[in-house]
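Q: Below, the features straight out of Swiss-Prot:
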type	residues	note
TOPO_DOM	1-28	topological domain 'Extracellular'
CARBOHYD	N8	N-linked glycosylation site
TRANSMEM	29-52	transmembrane segment
TOPO_DOM	53-60	topological domain 'Cytoplasmic'
TRANSMEM	61-82	transmembrane segment
TOPO_DOM	83-103	topological domain 'Extracellular'
DISULFID	C100-C192	disulfide bond
TRANSMEM	104-123	transmembrane segment
TOPO_DOM	124-143	topological domain 'Cytoplasmic'
TRANSMEM	144-161	transmembrane segment
TOPO_DOM	162-199	topological domain 'Extracellular'
TRANSMEM	200-223	transmembrane segment
TOPO_DOM	224-240	topological domain 'Cytoplasmic'
TRANSMEM	241-264	transmembrane segment
TOPO_DOM	265-275	topological domain 'Extracellular'
TRANSMEM	276-295	transmembrane segment
TOPO_DOM	296-315	topological domain 'Cytoplasmic'
Amino acid sequence: MQPESGANGTVIAEFILLGLLEAPGLQPVVFVLFLFAYLVTVGGNLSILAAVLVEPKLHSPMYFFLGNLSVLDVGCISVTVPSMLSRLLSRKRAVPCGACLTQLFFFHLFVGVDCFLLTAMAYDRFLAICRPLTYSTRMSQTVQRMLVAASWACAFTNALTHTVAMSTLNFCGPNEVNHFYCDLPQLFQLSCSSTQLNELLLFAVGFIMAGTPMALIVISYIHVAAAVLRIRSVEGRKKAFSTCGSHLTVVAMFYGSGIFNYMRLGSTKLSDKDKAVGIFNTVINPMVNPIIYRFRNPEVQSAIWRMLTGRRSLA
């Protein structure tokens, strides 16, 4: 990100994040709501992570991935919300260019890992339901760790690519970002150099990072649905759909908000709808994920309850 001298000769070395609302009287309300959402998200995801670590019944591939997903949700919301809360308290909206790039990198890192991890979870469900005889071999601990490591490596490459590409753009004014965190669409609109290459890169990498995993998820669940429909036991079908239903809900929310946010860069003006989608990406998704997995999964519910009450598992 290369700051340049603007028309008045000043050098742009920082961005002004306008936040969610301009009305000063509503800032305390925004602060309380987002602080509450942050605490609920961190508490909910850490409770699932703790349950996965200490509960023997949850020492399986599906819950291994769920524990990793909880870490990602905490990371995703921690990249954006604490800094926003700090600005609300200090009433200082200026963010240095370097800090903006750092936030951009880590946000896309966590979101990218999330993308691949959801695919790994779909593959796990496919093996468990469609290939039960070879499940333990194909989804061994080594395979699980390799899938997680590959997810981090691919996401790191993606985040670094966008961050480096963004750093090559020139910014000579204005420097007001109509958002509460630094992200690609908003920064593209402030650049005084061409962003065509950056947007093409976003679409190309986005197809690889989102399109391919989404296709793999759809294919996996087509096979899963066909296998579940062949199960004669009503209880067996119910159990299969309960574990898959939670994951499908999270996938729909994650990809739905992501596609809306990044696949409409041709818009000449970003509106408050983009802020709403930003809230969905950074706050709502990480907050509701543990709720979805907890309330739609009896094993997670009982594990968290035993952990809170100090009871030991019978396993």
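Each Cβ is built from the backbone N, Cα and C atoms, and glycine gets one as well.
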Q: Quick check on the disulfide-bonded residues C100, C192: which one has the highest count of other Cβ atoms within 10 Å of its Cβ?
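A: That would be C100, with the most Cβ atoms nearby.
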Q: Going along the chain, which residues at least six beyond the ends of the topological domain 'Cytoplasmic' (124-143) come within the CB cut-off of under 8 Å?
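A: Distant Cβ neighbours of the topological domain 'Cytoplasmic' (124-143) are 61-62, 65, 220-221, 223-224, 227-228, 240, 243-244, 247.
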Q: So which of 29-52, 104-123, 144-161 has the most C-beta pairs under 8 Å when paired with the transmembrane segment (200-223)?
A: 104-123
Q: Could you tell me how many residues in the topological domain 'Extracellular' (83-103) are helical, how many are strand and how many are coil under DSSP?
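A: Per-class counts: 15 helix, 3 strand, 3 coil.
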Q: Out of 29-52, 61-82, 104-123, 144-161, what stretch is closest in contact terms to the transmembrane segment (241-264), meaning most Cβ pairs under 8 angstroms?
A: 104-123
Q: Please list the DSSP helix, strand and coil residue counts for the topological domain 'Cytoplasmic' (224-240).
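A: Grouping H, G, I as helix and E, B as strand yields 13 helix, 0 strand, 4 coil.
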Q: Residue list, the transmembrane segment (144-161) vs rest of chain: Cβ under 8 Å, 6 or more residues beyond ends.
A: 61, 64-65, 68, 104-113, 115-117, 120, 123, 201, 205, 209
